[in-house]
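First the structure, in the form of structure tokens, and then the observations on it.
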């Protein structure tokens, strides 16, 4: 049996999870929440992570019923993400690995989402829609790489939703996207908004600029969701057609949105395909996803030497050689 502990802290979530041969033993998490109308600054977020990370580590070990001696490998988020929070978590992971005498593994955050989604849903070889506050990508696996078929050319869909939440000054607790989703459920009127799909890529900056100057709090949440999710469904379907895929896996924090899952499900049904998605335990950034990707990497013979254990804010999904898949 192989046991891997994973440290995640690339944005406002700090999580530590433990995986043993595909079983999630523990996955505690904390969220840095700012007042309505405000985002989270890297330095403040890192300060939050430093304050709670050892408590979360203790919780992870206690919930799993394990001791440091039971851990085989320490995995951490190498990137992409916010610099200061990434450094904070990497520093703790490096220290823990040295204190415990365990090998270290730097994990791509996006790969973590994908591998966690594959583990939980048991999807075989899906077309992946990865949607979060910092990333929007349509991905498919081919020849030892997760290939990016389409992506945002400016801001991520989650960033678009978060910034709209700041405009209308709604609560960031538990998350701006969740609160927009609840407001959209109460909406009944749709207004046309800028819809920008460029081949396989999407753009959200135009729609954000539009709603920032001409928004109605009772109408815009519904209209914004319907518009941006339609764009995502369109490029996902196009990637499926190109790959001949019969599976879609939605990962990332925005993937928790039930309306997005519903719209994607309609498209999949029309194509005779199957939709896979997870709930907020695994869609939202968490330590177990880093542990799972680290488990796959470690089992395939990968380790990160201490001198190579840096972080990078820009770390594309297709830069990683996927040595654990055929």
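Cβ coordinates come from backbone N, Cα and C, glycine included.
Note that the structure is a prediction, hence the values are computed from the model and not measured.
The feature divalent metal cation binding site is assigned by TrEMBL to 109, 113, 130, 285. What TrEMBL lists as substrate binding site is 130, 131, 132, 133, 134, 162, 177, 181, 257. Here TrEMBL flags 29-291 as domain 'Gcp-like'.
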Under 8 Å Cβ-Cβ from residue 177 (substrate binding site), six or more apart in the same chain: what's there? 158, 161, 162, 165, 253, 254, 256, 257
With the cut-off set at 10 Å between Cβ atoms, which of these binding-site residues ends up with the most neighbours? Options: 113, 130, 132, 257, 285. 113
Residues satisfying Cβ distance under 8 Å from residue 109 (divalent metal cation binding site), sequence separation of at least 6: 8, 10, 77, 78, 79, 80, 81, 285, 290, 315
Give me the long-range Cβ neighbours of residue 134 (substrate binding site): same chain, 6+ apart, Cβ under 8 Å, in sequence order. 10, 11, 80, 81, 156, 158, 159
Check: same-chain CB within 8 A of divalent metal cation site center, minus 109, 113, 130, 285: 10, 110, 112, 114, 132, 135, 251, 252, 253, 289
Across the domain 'Gcp-like' (29-291), average pLDDT on the 0 to 100 scale: 96
Could you state the CA-to-CA distance between residue 113 (divalent metal cation binding site) and residue 132 (substrate binding site) to the nearest Å? 10
